[in-house]
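Per TrEMBL, these features apply:
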type	residues	note
REGION	A:1-30	region 'Disordered'
COMPBIAS	A:1-10	compositional bias 'Pro residues'
DOMAIN	A:63-189	domain 'PurM-like N-terminal'
BINDING	A:Thr84, A:Asp85, A:Asp173	Mg(2+) 1 binding site
BINDING	A:Asp85, A:Asp122	Mg(2+) 2 binding site
BINDING	A:Tyr152, A:Gly172, A:Asp173, A:Arg199, A:Ser267	ATP binding site
DOMAIN	A:203-293	domain 'PurM-like C-terminal'
BINDING	A:Asp268	Mg(2+) 5 binding site
Protein chains: 2
Amino acid sequence: MPTDPVPTHPTPTGSVPTDTAPTDPAMSVGESGEDAVLSVILEELGDLRSAATDLAALTLAPGDDAAVLELTDDGAPARIVLTTDTLSQDQDFRPSWWAQQDQGAAMGRAVGLKAAAQNLSDLNAMAATPVALLVSLTLPESTALDWVRGFYRGLAEAVRREGAEHCRIAGGDLGSGPGVSVTLTAVGRLPAGRAPLVRTGARPGDQLAVSGPLGAAGAGLALLEAGHPCDSAELARLRDAQIAPAPQLTTGAQALAAGATAGMDLSDGLLRDAGRIARASAVRVRLDEDALNHQAAALLPAAAALGLTPAEARAQTLRWVAAGGEDYELLASFPAEAALPEGFLKVGEILEPGSDADGAREVVLTGAIDDQGWDSLRRR
Amino acid sequence: MPTDPVPTHPTPTGSVPTDTAPTDPAMSVGESGEDAVLSVILEELGDLRSAATDLAALTLAPGDDAAVLELTDDGAPARIVLTTDTLSQDQDFRPSWWAQQDQGAAMGRAVGLKAAAQNLSDLNAMAATPVALLVSLTLPESTALDWVRGFYRGLAEAVRREGAEHCRIAGGDLGSGPGVSVTLTAVGRLPAGRAPLVRTGARPGDQLAVSGPLGAAGAGLALLEAGHPCDSAELARLRDAQIAPAPQLTTGAQALAAGATAGMDLSDGLLRDAGRIARASAVRVRLDEDALNHQAAALLPAAAALGLTPAEARAQTLRWVAAGGEDYELLASFPAEAALPEGFLKVGEILEPGSDADGAREVVLTGAIDDQGWDSLRRR
């Protein structure tokens with residue numbers, strides 16, 4: 001997504017005295033001060049910031065310099081899994097995607113859900129169990145307190161989902177800056193004796209599969225950028241896949257149980273991420289265009305809503321599936337004879353490595369799609 | 001610090017083809033693409049991203065969805081300590097603090113040092129041993145590749161210091177945004193049987209001490225904002241305390257060994273942070289103005305360089321000491337009879353709690369200083 005100049009958040013009209021009740025949702029964080037923001041956060045998190053679970057206990061309540069996380073000693077070396085991701089306003093979400101009246105709590109909730117999705121999906125892709133999230137939130141001074149409330153509500157919602165029940169919010173940092181920037185760090189555990197699911201084990205002959213249909217987030221982004229009202233359940237589903245994703249968080253463990261040889265989170269588009277599996281495993285990947293076209297057909301309502309011709313729609317829906325990104329599904333390879341876990345869809349197979357002399361590419365696919373996913377830094 | 005509009009980084013003049021050698025330091029990250037940025041990072045980190053230490057081993061090399069950190073089993077439940085902090089351009093540092101030619105590697109290094117200082121100092125304040133840092137870096141597309149190189153060089157430098165030898169860089173995230181934003185997450189361990197140093201244990205009669213003289217970072221900020229050239233060793237030391245701090249990382253463990261009853265990182269100014277100890281421990285704090293004035297006298301060269309009158313200089317240097325912030329020293333309470341660790345300076349004592357009916361304040365100090373440190377979100 002191109003970077004636009006930073007829009008400023010709307011500031012409340014009229015003058016608000018600084019001693020107004022700190023939880024007045026119409027106040028900005030700049031007007032209400034840090035303590036009021038912290039009160040809102042503590043209120044929203046409830047016992048998610050302190051209660052012990054079967055796997056971990058925060059042995060020191062938030063409010064000190066750092067969180068102390070005590071891992072239950074199960075007789076094996078404790079292993080933790082760590083990941084961090086940032087969402088930036090105008091890069092990963094745009095205020096213009098929400099109606100003016102929804103740019104407070106509703107937008108905050110969506111950003112919280114998406115930030116959690118990014119990080120928890122990374123842990124899922126390692127077959128790790130999330131045990132803690134740390135949050136660093138940079139906000140323009142004009143940000144509505146209700147945005148913060150919505151954000152933490154979204155986080156809380158995300159960690160109550162299946163697969164994240166053991167996850168606690170272990171603390172964080174608050175600061176101000178020119179645009180909203182949210183960095184989450186997720187900590188996961190691997191059960192004793194479970195190896196993580198990594199990218200390096202794909203073998204020639206393996207099946208390549210995804211944990212669910214692709215392209216919804218890409219189609220949703222196109223609808224949002226076009227300003228489409230998404231006034232049907234189907235279009236709203238695609239929009240929500242972009243603004244408030246809800247990834248499955250048990251597919252990593254399911255894949256491992258089914259014999260997966262390699263796996264990773266699909267966040268930058270199938271073509272780009274399949275290339276990463278290929279490089280990490282020193283193999284090539286062949287994607288099955290028929291399988292992708294089958295998935296693409298489900299996105300034709302979005303193409304129609306955008307007024308594309310049938311030919312344009314076929315190309316665009318295939319591009320959403322193959323290069324759209326942000327689907328947060330698992331991409332995994334399985335032995336040829338393995339039964340895929342329920343809900344998984346085969347998208348291709350693993351080939352022997354090629355050589356530069358062949359002009360062999362890491363990802364083989366016939367057709368008209370760009371062979372690039374999303375490079376978050378390259379200009380376009 | 002007030003938030004200014006985001007300045008854009010200078011872009012190189014002339015047109016640079018996108019297939020230029022990826023490590024050309026004059027190229028921007030936008031021009032060179034993510035892989036080139038990753039190459040620079042890997043190059044700068046060397047074995048800091050992979051080699052095992054006595055305390056921890058990264059059992060999976062960076063490049064997968066998340067890092068796997070295996071904690072050596074020492075027969076006790078493994079405890080990890082987690083903290084995260086963000087630095088934002090124009091909020092925590094300004095490009096104008098560096099000459100044009102130093103806004104690449106030199107500025108990047110300083111930001112890396114400061115980001116590490118913030119996080120490692122938080123772990124030190126818990127008496128924890130740093131074992132891993134995660135990095136999330138948001139950069140304008142025009143950021144020079146050399147800035148990134150300098151940044152990771154600064155990080156590497158920070159974790160090679162005494163107290164951080166066991167720390168590895170465990171992975172991270174790269175993205176683009178309108179201004180530079182850096183979020184670090186630090187993971188620490190507590191040796192078996194060592195309780196963390198927390199804020200809640202200060203008792204009436206305890207001494208209150210800091211791990212070194214305060215106010216250098218505040219004085220440095222004033223010099224930078226005034227555009228002073230800092231052309232003496234003394235003034236350069238104050239400037240560097242602000243732009244590239246090098247906190248002591250063994251003072252937390254030293255304080256604990258000396259019997260400290262409470263402790264915390266001094267990042268928001270003595271007055272504000274002493275109030276936090278007071279609230280957490282349900283006591284009051286009396287600061288010794290003579291002790292603070294003694295520390296303030298060391299900052300008079302900065303006041304003179306800024307052209308302050310003697311009366312202004314006395315007030316301003318005391319304000320730097322008491323409310324300047326960003327000193328990254330340890331603030332700790334000790335039993336009245338305890339010998340303070342070497343280098344620690346007594347700044348006051350712990351009093352019985354007061355009551356609202358007394359009009360009692362949490363922090364008692366006579367004199368003309370504002371009773372506020374730095375509230376990172378409140379408008380001023």
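Numbering starts at 1 and runs along the chain as displayed.
In case you wondered, yes, glycine gets a Cβ from its N, Cα and C as well.
Secondary structure at A:Ser267 (ATP binding site), taken from DSSP and collapsed to helix, strand or coil, is coil. Across the domain 'PurM-like C-terminal' (A:203-293), DSSP classifies residues as 45 helix, 13 strand, 33 coil. The DSSP secondary structure for A:Asp122 (Mg(2+) 2 binding site) is helix. Between A:Arg199 (ATP binding site) and A:Asp173 (Mg(2+) 1 binding site), the C-alpha separation comes to 32 Å. Shown are the binding-site residues A:Asp85, A:Asp122, A:Asp268; of these, the residue with the fewest other Cβ atoms within 10 Å is A:Asp268. According to DSSP, A:Gly172 (ATP binding site) is assigned to a strand segment.
For the pair formed by A:Asp122 (Mg(2+) 2 binding site) and A:Thr84 (Mg(2+) 1 binding site), distance between Cα atoms is given as 9 Å, rounded to the nearest Å.
With the fewest other Cβ atoms inside 10 Å of its Cβ, the least crowded of the binding-site residues A:Thr84, A:Ser267 in this structure is A:Ser267.
Checked against A:Asp268 (Mg(2+) 5 binding site) by C-alpha proximity, the binding-site residues A:Asp85, A:Tyr152, A:Gly172 yield A:Asp85 as the nearest. The record assigns A:Tyr152, A:Gly172, A:Asp173, A:Arg199, A:Ser267 to the ATP site; their largest pairwise CA distance measures 32 Å. Around the Cβ of A:Arg199 (ATP binding site), 23 further Cβ atoms fall within 10 Å across all displayed protein chains. Mapped onto three states, the DSSP output places A:Tyr152 (ATP binding site) in helix. Residues within less than 8 Å, Cβ to Cβ, of A:Gly172 (ATP binding site) and separated from it by at least 6 positions along the same chain comprise A:Leu134, A:Val135, A:Ser136, A:Leu137. Using a 10 Å radius centred on the Cβ of A:Tyr152 (ATP binding site) and all shown protein chains, the other Cβ atoms total 24.
Of the candidate binding-site residues, A:Thr84, A:Asp85, A:Asp173, the one lying closest to A:Ser267 (ATP binding site) when CA atoms are compared is A:Asp85. Around the Cβ of A:Asp173 (Mg(2+) 1 binding site), the same chain contributes A:Val135, A:Ser136, A:Leu137, each under 8 angstroms and 6 or more positions distant in sequence.
Taken residue by residue with DSSP, A:Arg199 (ATP binding site) is part of neither helix nor strand, so it is coil.
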